[in-house]
């Protein structure tokens, strides 16, 4: 055997052991050699292939990339590589072609698994890219030097740039200096530890404050070496602001709960309907002081367990009413706690979570003092009613008799007795006025119950007509309607009008009226003018241009018996105040714009 034959034998034995399929083609592209692996891959007996033209053996390859690449290699006499999919075998092959003067040596490897892996990887990459591009959270990859290798659209929008413009930049170019330094410090920790880092961080981009939940991981290369940092930053600015607001509300709630002067209690509600169960959750300090109960003593207990069967049943019934109503309710109750028996005005409000009542908040205000005062006032009013009846019957009757006899006697009296009879008549009339004012004062102290709309113009016109106003003038500045008791309001206005006319007629009047007299506009003092109108949202006034009320006397004028004239009873303005208070109004006297007195009523309800 010569050297060439020996070399061919060694080469043949070597090719039989390789894992690649190997074939040799002559210059006419006829098979001259097929190794065992090629036979297995092609699925054809290699003996039948030897001497056969490649396109005769595999006609389906005609016109494919294999034909064009084989001819290219023959023509150029340069090695080349290509990949080809064989439909008959449903396999991918990686083909390497080596030309020489005698033909082609072709090595091919089954690349199906690699191609499938590449295809799967490509699909995975596409899915990942789609996921990253469609997420609203900025995502990114940076190298170990802090330069961006990739950013998704959300990150690009955050920076106000295109994604390609961000790649290659570092954080110093995108964030403020303080934020960039903080980011770099975190990245260094991740590069050193190779561990995930999750934290909230405040960052400034373009001068705008952002709060991110940064979720960062080490980015590893193909060898598993940490080569950078990758992460997703979820913006939680609004959520953090909301959390801070909730914290503030919680602190405010706690301050209100702990410092409220009213008794506040919280009830946990279990279940619904008639089988619902109520258990105490918490009492505020004011509740503990007022009742002698403590949160520790009642927490988790039902009203019956905490306070006994009778009181517990009463409380449970009220809590059930609130639950059934599904809205706040208010009621009065008398309770006996360890601290003693007391009266309460209690309000309950249901708290819903996902449409279900899970808690009831109760606010109770102790009204023991008020109830006792009301009882005292009720007794006082009863005594006043008795007094009014006595005055009405026991005083009016003798006055009526005296007036009747005086009238009879005056018809036959001597001329020199007429003055005396006149004085007696005046005294009897004054006594009648005192009795009438006393009755009005006694009866106008009660709170108005049956209030109704009362047109002010009609009311004051009627009151003016029942008052001796001489030549005084009435001006209604505003048309309006108040809610009140027409009879008691008529007493109020009659007394105000009488007060204005009486004091206006006994004085030189206000500067405006005096100025008119000084300039000769009239030979006598000009008549007093009384104005009635509305001010603000709940105010009503009666103003005149008379002498006014000195500042030092403005509180005293409303006291019973106060008068500056010998003809007055001292009850007029006291009646005014009692009638106002009966309507829930407040009254004060001040200066009128014209210089006289202005009586202002606030708390008025208008229709």
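Cβ coordinates are placed from backbone N, Cα and C, and glycine is handled just like the others.
Remember, it's a predicted structure, so these values are computed and weren't measured experimentally.
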Quiz item: Looking at 279-306, 307-334, 335-362, 363-390, which one does TrEMBL call coiled coil?
Solution: 363-390
Quiz prompt | Matching range for TrEMBL feature annotation, region 'Disordered', among 503-531, 532-560, 561-589 | solution = 503-531
Practice problem: Take the domain 'PAS' (124-194) and count its residues per DSSP category (helix H/G/I, strand E/B, coil), listing them in that order. | Solution: 42 helix, 9 strand, 20 coil
Quiz item: Counting each residue once, how many in the domain 'PAS' (13-77) are helix, strand and coil under DSSP?
Solution: 35 helix, 12 strand, 18 coil
